[in-house]
Amino acid sequence: MVDAITEFVVGKIGNYLIEEASMFMAVKEDLEELKTELTCIHGYLKDVEAREREDEVSKEWSKLVLDFAYDVEDVLDTYHLKLEERSQRRGLRRLTNKIGRKMDAYSIVDDIRILKRRILDITRKRETYGIGGLKEPQGGGNTSSLRVRQLRRARSVDQEEVVVGLEDDAKILLEKLLDYEEKNRFIISIFGMGGLGKTALARKLYNSRDVKERFEYRAWTYVSQEYKTGDILMRIIRSLGMTSGEELEKIRKFAEEELEVYLYGLLEGKKYLVVVDDIWEREAWDSLKRALPCNHEGSRVIITTRIKAVAEGVDGRFYAHKLRFLTFEESWELFEQRAFRNIQRKDEDLLKTGKEMVQKCRGLPLCIVVLAGLLSRKTPSEWNDVCNSLWRRLKDDSIHVAPIVFDLSFKELRHESKLCFLYLSIFPEDYEIDLEKLIHLLVAEGFIQGDEEMMMEDVARYYIEELIDRSLLEAVRRERGKVMSCRIHDLLRDVAIKKSKELNFVNVYNDHVAQHSSTTCRREVVHHQFKRYSSEKRKNKRMRSFLYFGEFDHLVGLDFETLKLLRVLDFGSLWLPFKINGDLIHLRYLGIDGNSINDFDIAAIISKLRFLQTLFVSDNYFIEETIDLRKLTSLRHVIGNFFGGLLIGDVANLQTLTSISFDSWNKLKPELLINLRDLGISEMSRSKERRVHVSWASLTKLESLRVLKLATPTEVHLSLESEEAVRSMDVISRSLESVTLVGITFEEDPMPFLQKMPRLEDLILLSCNYSGKMSVSEQGFGRLRKLDLLMRSLDELQIEEEAMPNLIELEISVSKRETKLIIPNRLRAFGQIYC
């Protein structure tokens with residue numbers, strides 16, 4: 001486990017040697033020697049892992065190595081900080097820089113020599129403790145792209161959630177959901193121990209076509225052990241999709257009772273389905289039920305819980321359904337579907353070994369799929385190694401195999417994937433994790449290395465998808481064939497928290513207690529109120545990351561003058577001070593909730609963060625002042641509503657730019673944005689005299705663009721047949737996967753052009769107008785998976801029988817109700833049509 005940290009630090013030394021070309025020779029030589037020694041120590045750590053040495057001596061030695069690796073990182077980051085602070089000085093003070101740099105070099109040489117003495121002591125103790133048999137680090141020397149290619153070969157194709165052994169349960173519960181004679185609000189409780197598949201069964205019901213057709217209003221929310229009723233109510237309101245973004249920001253400030261009244265009003269008189277996943281206390285249901293009308297529309301509520309008393313403790317009409325363990329035959333079927341993906345020939349010995357291990361899983365689906373994910377990447381001969389490892393740890397039948405399987409699966413991960421898994425411990429229980437945000441955080445932390453073939457974000461996505469493929473992480477939402485959000489099962493989250501604690505990796509604070517508290521921990525995370533955290537007044541100068549997931553609160557007690565090594569700041573809903581003191585040279589990620597900005601001098605602060613990679617400002621805030629990003633040449637993602645002007649320089653690595661005004665976009669130099677993948681251009685002015693101009697020529701350089709959104713509250717006339725548009729769109733259409741157009745009035749039918757885009761998977765036309773007929777030919781939209789046409793006006797829409805062969809989601813709504821629709825019946829079955 002410690003090997004993940006040491007390999008990360010070894011990589012950091014290597015990167016530092018490359019980046020600091022002007023480094024003094026003495027510093028360079030000492031660092032190279034230190035890197036060699038730490039690489040060697042890393043090999044012995046791998047040996048400790050491989051031999052499964054868990055004696056106190058090995059643990060003590062591993063702890064020495066862990067502390068040493070962290071101290072190496074501190075020395076490097078502090079030295080880099082001093083160099084950057086000197087490089088920013090101007091005027092006469094520059095004359096002293098040369099002397100200062102030499103003094104800094106002498107200082108780090110002294111620090112490194114102390115570290116070298118320590119590593120010699122660590123080596124002597126290794127020999128004394130008898131830790132030998134050097135094992136080379138796995139994947140050493142491979143480039144990121146090569147490791148990803150190896151992962152890609154081992155990955156399965158996109159797999160829908162497999163539900164084995166629950167077919168009868170699903171049939172019974174579906175009948176309860178669709179019972180037309182039951183007009184009252186009816187509650188279905190699914191209960192059983194963790195890992196049995198309660199959430200999987202509930203999701204199967206929630207996503208079934210019959211349920212979608214029956215319930216126009218559906219919502220899903222998680223509860224968990226540490227819940228706030230107001231948060232749960234807000235999640236239900238958001239999930240229903242009945243409330244505008246502007247309205248959502250208003251009701252975020254409501255008290256709990258006001259939210260109850262608001263949600264009740266939304267659902268009154270409607271046939272709804274609400275899934276409340278993972279309830280631990282009856283009080284949680286008592287807090288929610290007042291907001292869910294007991295109407296006579298045939299509404300339903302599904303509850304999942306581990307506790308029988310909670311399942312049967314709901315009032316009103318209900319049905320409690322207990323999930324059972326899988327039979328051996330069902331267990332083997334589930335295992336076979338996942339474990340044999342890369343094995344062509346299954347001999348008798350292999351089958352026997354597999355069945356012995358599956359038997360030990362005792363019918364627990366989560367244990368079975370994690371075991372299958374572990375074995376699916378191994379050769380038949382390696383199956384015996386896993387089996388032997390299980391037997392060594394299972395001293396008697398009273399020990400459950402699940403924790404052992406989870407631990408083995410973690411140990412088999414590459415160090416990058418281990419760091420990704422550990423990082424999942426920062427998120428609250430049952431939290432739906434936005435995958436793009438997770439990727440941006442992992443890159444900002446320095447855990448991911450790219451190369452000339454692959455961007456760091458692509459590498460990070462593959463490591464996360466490896467966790468999904470191994471069933472260590474669950475995909476929740478997909479778009480365009482990609483995972484967009486994920487969730488970690490609470491049993492696996494417990495594993496991540498336990499290992500993070502052992503590695504001094506994360507401090508997590510909640511209302512009750514810090515799950516792990518240390519003044520030298522790298523990351524500090526607050527899940528609920530900030531007051532408890534700030535009241536302890538700890539000073540952790542080694543902190544690299546601070547993240548806040550709690551409710552609205554004031555930021556007090558964080559002294560940024562002493563936190564100069566910070567790489568990640570995600571303030572969440574904290575009310576920010578007027579300014580942040582200190583030069584945060586190492587900062588790579590800054591996340592801000594718009595409701596918390598107030599007098600925060602966002603423009604002045606952002607412009608100083610020269611090495612920032614990701615700037616995220618939540619979409620509930622419109623930045624109307626000009627933001628100067630010209631010195632921020634490392635930017636990769638700029639996310640927010642920047643309508644006051646955005647000054648951008650040479651940012652070749654910029655991949656995300658959402659959203660800026662049309663005027664700001666037209667002033668940029670798109671030829672510098674060669675890696676831009678996601679672009680959002682929006683106009684906020686509602687003036688009818690205001691004419692918005694789309695410069696199509698500005699898009700011709702964006703050959704990497706995948707997602708394009710153009711939005712305006714005023715009517716913008718758009719032609720896709722002008723010479724400029726045709727020339728520009730011919731370039732970007734080759735890469736586009738998603739197009740969203742809002743408030744556009746088309747001068748001609750856009751479909752003949754849009755349907756030819758070879759990679760287009762999502763098309764959304766919202767509040768658009770076209771006075772004519774839209775036609776989709778038989779060969780049109782070959783890869784399209786989602787089509788939303790929410791038009792203000794449209795005379796006619798015709799889709800030929802063979803068009804859109806891959807469509808799985810369809811919604812058509814036209815305010816002008818006399819629209820003529822000619823749509824194949826097979827497509828009508830995929831969605832909702834209101835015309």
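Quick reminder: no glycine exception, Cβ is built from N, Cα and C everywhere.
Annotation note: M193 (ATP binding site) sits in a coil segment as assigned by DSSP. Sequence-distant neighbours of M193 (ATP binding site) (same chain, six or more apart, CB under 8 Å from its CB) are R306, L364, listed in sequence order. According to Swiss-Prot, the ATP binding site annotation covers G192, M193, G194, G195, L196, G197, K198, T199.
Note on the coiled coil (25-41): its mean pLDDT in the predicted model is 85. Sequence annotations record features per position, and here Swiss-Prot assigns coiled coil to 25-41.
Feature annotation from Swiss-Prot assigns domain 'NB-ARC' to 144-453.
Highest Cβ count within 10 Å among the binding-site residues G192, G194, G195, G197: G197.
Other C-beta atoms found within 10 angstroms of the C-beta of K198 (ATP binding site) number 25, with every protein chain shown included.
Sequence-ordered, the extra residues of this chain that approach the ATP site, with Cβ no more than 8 Å from the Cβ center of G192, M193, G194, G195, L196, G197, K198, T199, are T304, R306, L323, P365, L366. Around the Cβ of L196 (ATP binding site), the same chain contributes L323, R324, F325, L364, P365, L366, each under 8 angstroms and 6 or more positions distant in sequence.
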